[in-house]
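So that you can see what the record holds, here are the features copied from TrEMBL:
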| type | residues | note |
| --- | --- | --- |
| DOMAIN | 31-154 | domain 'Integral membrane bound transporter' |
| TRANSMEM | 20-38 | transmembrane segment |
| TRANSMEM | 44-62 | transmembrane segment |
| TRANSMEM | 69-86 | transmembrane segment |
| TRANSMEM | 92-109 | transmembrane segment |
| TRANSMEM | 142-160 | transmembrane segment |
Amino acid sequence: MIDMTSWLGSRAEMWPRLRLAIQTTIAACVSYVIVDAIGMAQGFWAVMTAILVTQANVGASLGLATERFVGSLLGVVVGGVVAVLLADAQELKFAGLAVTVLVLGFFAARRPSLRIACVTAAIVVLGDPSLGPPISSAENRMIEVAIGTVVAILTTLLIFPSRAGPLFAEHVTRTFTPLFEVARDTLAAALGQPLDIEGMGAQGTRIRAAFAEGDTLAREARVEVANYVADSPDPEAILRALRRTWHTEIMLMRAVYQPLPPVAVKILGPQIEELRAALDDVAKHLAGPATCYTAPNLAAVENALAEIEHRLEEMRAKGETREMSMDDIIRVMAFDFALGQLRLNLRDIAERAPELAAFAGSTYPLLRWLQRLPAKWT
């Protein structure tokens, strides 16, 4: 029996998919109605463009719309020139097609977004002469692409609008979960609990995938800001804080690939357990729906880290490190250094809370300006 849950996803996953399906359907149908009303012979271009440009959020649609429009314009211009030159020499159409695709394909290899230029140029070059002269055909293609692009953007803006800024904020809060799970398990390994290498590898893959998705959402958020449909801050600082935390955890894992020396575990064990509990509280705060966009209280974390540093200083002062091998001493020093970096990372994350809240509550600058207009006239 087919498990429909695997196809449809959870309820939380279904709505974004359904929203995109509705937006795409509306954009395609409206584009068809427009081109049919004005009598375009090949209106499917507008429909295809509307389907391709309609994306999950406004930033993605705007970014793809720009690439699609520029690529189509380049393809129309190049294909139109070739079609005009070969208008009276149909036997050379094959050669013209080969040269056109070769040149545009060369540039598309550097910028994949320009592959649409190859498609557009090929269709213009191979166009049916009965539909009109090449210049007229090229103009019609450009008009159809423009109609599909504009309709797709308006649909994304007006029908169940979803912006990249809030999606980016939600994604960041989800990324905190695996990051803190790795930190908790790594600290447990320092005390002697076996380090699950396979599980850590899976978590690492999950975190790297989250970083890649975060980069995409950040790029789309910047596009929204550049086009005045959002007022969110630059997401780079938040992404940098997440990556630095992950790199610190990698240092911790390297330091505890074997448990800390018994003397270090005996002296530092209670404080490391306190640190694990404090990190769990911070993780719950950052994952909580009501608290995820506010700065966590790091007092317990700071206290535990300060106590670990104090105990390490006492160990050095009392000469207890002399009982350790050089390899163990190096690992304890690396563990101490990584914990210091973890403190800085957590402070950075806490300082980024207002920026994360700004992403979650970003608004349309134009809409806000229109809302203020009545107050100016009263």
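Cβ atoms are placed via backbone N, Cα and C, with glycine included.
Across the domain 'Integral membrane bound transporter' (31-154), DSSP helix (H, G, I), strand (E, B) and coil residues number 104 helix, 0 strand, 20 coil. When Cβ-Cβ distances below 8 Å are used as the criterion, the transmembrane segment (69-86) is approached by residues 49, 92-93, 96-97, 99-100, 103-104, 113-125, 127, 134-135, 137-139, 141-142, 145-146, 149 of the same chain, each at least six residues removed from its ends. Counting Cβ pairs under 8 Å to the transmembrane segment (44-62), the stretch among 20-38, 92-109, 142-160 with the most such contacts is 142-160.
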